[in-house]
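> Sharing a structure, written as structure tokens. Questions coming.
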Amino acid sequence: MMSSGGYTTLGNENLASGSVPAVSDPPHVITTVKFQDSDLQTFPPSQSQGKISGGYRPPRDADDSFSKTTDEPQAGGVGGWMGLFKVANYRPYFDVDTTDVLERIKESLIPFKGSFSEKTASNPDLYGPFWICTTLIFVAASIGTFVTYVAHKLQKKDWDYDINMITWSAGLFYGYVTIVPLGLYVILKYFSAPSGLVQLWCLYGYSLFVFIPASCLSVVPVEIFRWVIAGFAGFMSATFVALNLRAHIMSAGERWFLIVVGIFLLQLALAVVLKLYLFTVTV
């Protein structure tokens, strides 16, 4: 049927015949959901690759406090004085390599330069002092035991091993390098010339290195030679500590000279005690 306007009215015809035109179904849309690969089976869960396929990068610490040196409280962590009980807070003081330690040992063997404190002010370490003390304990105890053994065998007398040499050496050197800097820290703070406690531990720890070769040379069975070696090592160590602290202690006022002399004599006393106890042989 045509309308007056010339258009075919299909809708009217379908309605008249009672049939409804078929409506085609809308096209189905297939949605593909792609899940991202899980990292649960990958260790470490990072972009690091092994040494074979790429440059190795260690995984990032889960606790960011390992990378921080301040006492500010971390998220979920403990700040302030409670941080003393967190091993992670001591990590920066062991962040040195072999080159750093060797350079600092060389500085300790050239005591008259007095530049050790200046060079380590921004990065004092406890790694070197710990291993220097530990090495000195076993070297001094073993050499002292060997010296007494040789002396008894030369006199054809019985010899008994003294286990107390190790425990005594450990108490002497660990105690000295811990307590003396702590006491000096309190004294300098009292005289309004405070110094970093870790820096003092670092200085005193490296000052003991000269006693390691001195202990090895004390195996020579000549008493006067042993006294010369002990005195020379004590003088080197005392000079190293005193000269590196002199510039800082001078700000303490008129008593700075007495403090420096006390530091020097205390270091010499350590050498005398080491000689008398470990390298004085009585058969």
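Placement of Cβ uses the backbone N, Cα and C atoms for every residue, glycine included.
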> From the ranges 1-23, 116-138, pick the one that TrEMBL records as region 'Disordered'.
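Residues 1-23 are the ones TrEMBL records as region 'Disordered'.
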> Other than its close neighbours in sequence, what residues sit by the transmembrane segment (227-245), given a CB gap under 8 Å and a spacing of at least six beyond its ends?
108-109, 111-117, 184, 195, 203-204, 206-208, 210-211, 213-214, 217-218, 260, 263-268, 270-272, 274-275, 279
> Residues of the same chain, at least six outside the transmembrane segment (126-151), with any C-beta under 8 angstroms of its C-beta?
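Tertiary neighbours of the transmembrane segment (126-151) are 90, 93-94, 96, 100-101, 104-105, 159, 161-162, 165-166, 169-170, 173-174, 177, 198, 201-202, 204-206, 208-209, 211-212, 215-216, 218-219, 221, 274, 277-279, 281, 283.
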> Are there residues at least six beyond either end of the transmembrane segment (171-188) with Cβ under 8 Å to its Cβ atoms? List them, or say none.
129, 133, 136-137, 140, 194-195, 197, 200-201, 203-205, 208, 245, 248-249, 252, 259, 263, 266, 270, 273-274, 277
> So which residues does the transmembrane segment (257-278) touch in its own chain, when a touch means Cβ under 8 Å and the partner is 6 or more beyond its ends?
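Same-chain contacts beyond the flanks: 140-141, 143-144, 147, 165, 168-169, 172, 176, 180, 184, 187-188, 191, 207, 211, 215, 218, 226-227, 230-231, 233-235, 237-239, 241-242, 245-246, 249.
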